[in-house]
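**Q** Handing you this structure, nothing more for now.
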Amino acid sequence: MEGLWLVVLVIFEMALSVQSQLRTGFYSTSCLRAEAIVRSTVESYFRKDPTIAAGLLRLHFHDCFVQGCDGSVLIAGSSAERNALPNIGLRGFEVIDDAKSQIEAFCPGVVSCADILALAARDAVGLSDGPSWSVPTGRRDGRVSLSSQASNLPSPLDSVAAQKQKFSDKGLDDQDLVTLVGAHTIGQTHCQIIRYRLYNFTATGNADPTINQSFLSQLQALCPKNGDGTKPVPLDKESQTDFDTSFFKNVRDGNGVLESDQRLWDDAATRDVVKKYAGTIRGLFGLRFDTEFRQAMVKMSSIEVKTGTDGEIRKVCSKFN
């Protein structure tokens, strides 16, 4: 029995040591300018196109849900993760590549692409008038990137049960789910993704009955039945480039653009979290969302991280060393 407890204790200590290797200021002595370079790079792209913020946030999210937060989504190649169907439309790769090349000039072989992506996501939110937070760093880059492993990413067609399961599989609870989906306050989709909700929901030839009628008319005007499927549609009709709580008010009022977002109102547990963020006292509920979004992002960005001697520090983010 003592031998069993010893094994349990060793495994627990190993888990703690891996977690403790992610820490705020990991590069404070090895590459002091790393975080500032990421920030200035994201800022330069953001000034030209504020919608890049949502792209960077989504890129980090999609990275963490496959192989953990290890930069595997950044690898280029026909069979690589970024070419999986759920990853079509990901953007922001050039921002990460640019920041990496600048950092390499100062501190070659020190800063991982996975950390650059986590920092860029944080900076993107801050530039969109959202919260900022200290990003624990020390991730290493993975050596595997396969499109076949990206099939279980959350989908806009997912039921709440499917969403809950996918988040739970990554150690995230119902509150984390709703809080992180709140990132859609600065997101966008395309007409081809939502057209079925507007014209032929569940093959009935009718619109999704959960869509608010006046909002349905707006969406149909934006996305005609046989119109351009690549036309962008803001996921937050109130304030597409501001990181705020209006997304949750939209879900409450039947103005969710994606089916998976609107379904959060159908489930008692997720509806309670939506209600909490969609409250009437703007300042109070905005503060609560900001605080809880910070916490959820730190939790998500720690999923299955590689630290220590695991993985590698890539020289170029789009290819293995």
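Numbering starts at 1 and runs along the chain as it is shown here.
Glycine is treated like the rest: Cβ placed from N, Cα and C.
So TrEMBL lists these for the protein:
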{"type": "SIGNAL", "residues": "1-20", "note": "signal peptide"}
{"type": "DOMAIN", "residues": "21-321", "note": "domain 'Plant heme peroxidase family profile'"}
{"type": "DISULFID", "residues": "C31-C107", "note": "disulfide bond"}
{"type": "DISULFID", "residues": "C64-C69", "note": "disulfide bond"}
{"type": "DISULFID", "residues": "C113-C317", "note": "disulfide bond"}
{"type": "COMPBIAS", "residues": "145-154", "note": "compositional bias 'Polar residues'"}
{"type": "DISULFID", "residues": "C191-C223", "note": "disulfide bond"}
**Q** Under an 8 Å Cβ to Cβ limit, what residues of the same chain, 6 or more beyond the ends of the compositional bias 'Polar residues' (145-154), are close to it?
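**A** Cβ under 8 Å, 6 or more out: 62, 65-67, 72-73, 75, 77, 79-87, 163, 166-167, 169, 260.
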**Q** My understanding is the cutoff is Cβ-Cβ under 8 Å with a sequence separation of 6 or more in the same chain; which residues meet that for C69 (disulfide bond)?
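**A** Result: H60, D63, A114, L117, A118, R139, M300, S301, S302, I303, E304, V305.
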**Q** Mean pLDDT for the domain 'Plant heme peroxidase family profile' (21-321), as a whole number?
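**A** For the domain 'Plant heme peroxidase family profile' (21-321), the model's average pLDDT rounds to 95.
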**Q** For the disulfide-bonded residues listed here, C31, C113, C223, which shows the highest count of neighbouring CB atoms within 10 A?
**A** C113
**Q** Among all the protein chains here, how many other CB atoms are within 10 A of the CB of C64 (disulfide bond)?
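**A** The answer is 26.
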**Q** Would you mind listing, in sequence order, the residues at least six apart from C317 (disulfide bond) in the same chain with a Cβ closer than 8 Å to its Cβ?
**A** G71, L74, F93, I96, D97, K100, C113, I116, D141
**Q** If one measures from the C-alpha of C223 (disulfide bond) to the C-alpha of C64 (disulfide bond), what distance in angstrom results, rounded to a whole number?
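**A** Distance (Cα to Cα, whole Å): 32 Å.
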**Q** Considering the disulfide-bonded residues C107, C191, which residue's Cβ sits among the greatest number of other Cβ atoms within 10 Å?
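**A** By the 10 Å Cβ neighbour count, C191 comes out on top.
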**Q** Measuring Cα to Cα, how many Å separate C31 (disulfide bond) from C191 (disulfide bond)?
**A** 43
